[in-house]
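Asker: Structure in structure tokens, see below.
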Amino acid sequence: MTGLFITLEGPEGAGKSTNRDYLAAQLRAQGVQVLLTREPGGTPLAERVRELLLAPSDEAMSADTELLLVFAARAQHLAEVIRPALARGEVVLCDRFTDATYAYQGGGRGLSHQRIAALEQFVQGDLRPDLTLVFDLPVEIGLSRAAARGRLDRFEQEGRAFFDAVRSTYLERARAEPARYRLVDAAQTLADVQACLDTLLPQLLELQRG
């Protein structure tokens, strides 16, 4: 039995983690085996890389270094967590995956999408998410929510232009491959967002049984 790989994407303050947990609870209530994970991170080694990527520092990190660290963490995450869970037939719900790399390192940092695609193929082979939920909201709302959480990480400290590019890249990717992506209006109340997820649940269950 092959599992199902679902990723949750979106900019800062979009509520991905909260809604990932909600979706997991709904799937588990239907008897589905669910594994929750996140990127960067998901394993002890990858979590240490996450700390390098997110911690504010006086030493500037080059965009290429950032990109390579992201894919190094992803390689470990795939080998240790994601591929084994899919092989067991589980549903993997991952907070961010390679779409975030295209959005943040491609859109935000301005790195070539061809360079990202080459690393994607090297690290992932043919593995791609079965479904990606993009939690979209205006940049100013997302940044306001992120600021309300407290101390900002290295990415959250970026300026408005960076996050405009991140959001645009997510939306471009969703438009280019509508069969894989579902857009969720994350500017709504949490109750309304979760009502939207409830409408997607039958489709997720069908894919899982598929």
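Just so it is clear, glycine is given a Cβ too, placed from its N, Cα and C backbone atoms.
According to Swiss-Prot, the protein carries these features:
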BINDING   Gly10, Pro11, Glu12, Gly13, Ala14, Gly15, Lys16, Ser17  ATP binding site
Asker: Just name the winner among Gly10, Pro11, Gly13, Gly15 (the binding-site residues) by count of other CB atoms within 10 A of its CB.
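Answerer: Its Cβ has the most other Cβ atoms within 10 Å: Pro11.
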Asker: Excluding Gly10, Pro11, Glu12, Gly13, Ala14, Gly15, Lys16, Ser17, which residues of the same chain place their Cβ within 8 Å of the centroid of the Cβ atoms of the recorded ATP site?
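Answerer: Along the chain, the qualifying residues are Phe135, Leu137, Gly142, Arg145, Ala186.
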Asker: With every protein chain in view, what's the tally of Cβ atoms within 10 Å of the Cβ of Ala14 (ATP binding site), excluding that atom itself?
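Answerer: Taking all protein chains shown, Ala14 (ATP binding site) has 25 Cβ neighbours within 10 Å.
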Asker: Secondary structure at Lys16 (ATP binding site) (DSSP, helix/strand/coil)?
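Answerer: The residue in question, Lys16 (ATP binding site), is helix (DSSP, three-state).
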Asker: Quiz question: given the binding-site residues Lys16, Ser17, which has the greatest number of C-beta atoms lying within 10 angstroms of its own C-beta?
Answerer: Lys16
Asker: Which residues does Glu12 (ATP binding site) neighbour through Cβ under 8 Å, counting only same-chain ones at least six apart?
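Answerer: Listed in sequence order, they are Gly142, Leu143, Arg145, Ala146, Phe155, Glu156, Phe163.
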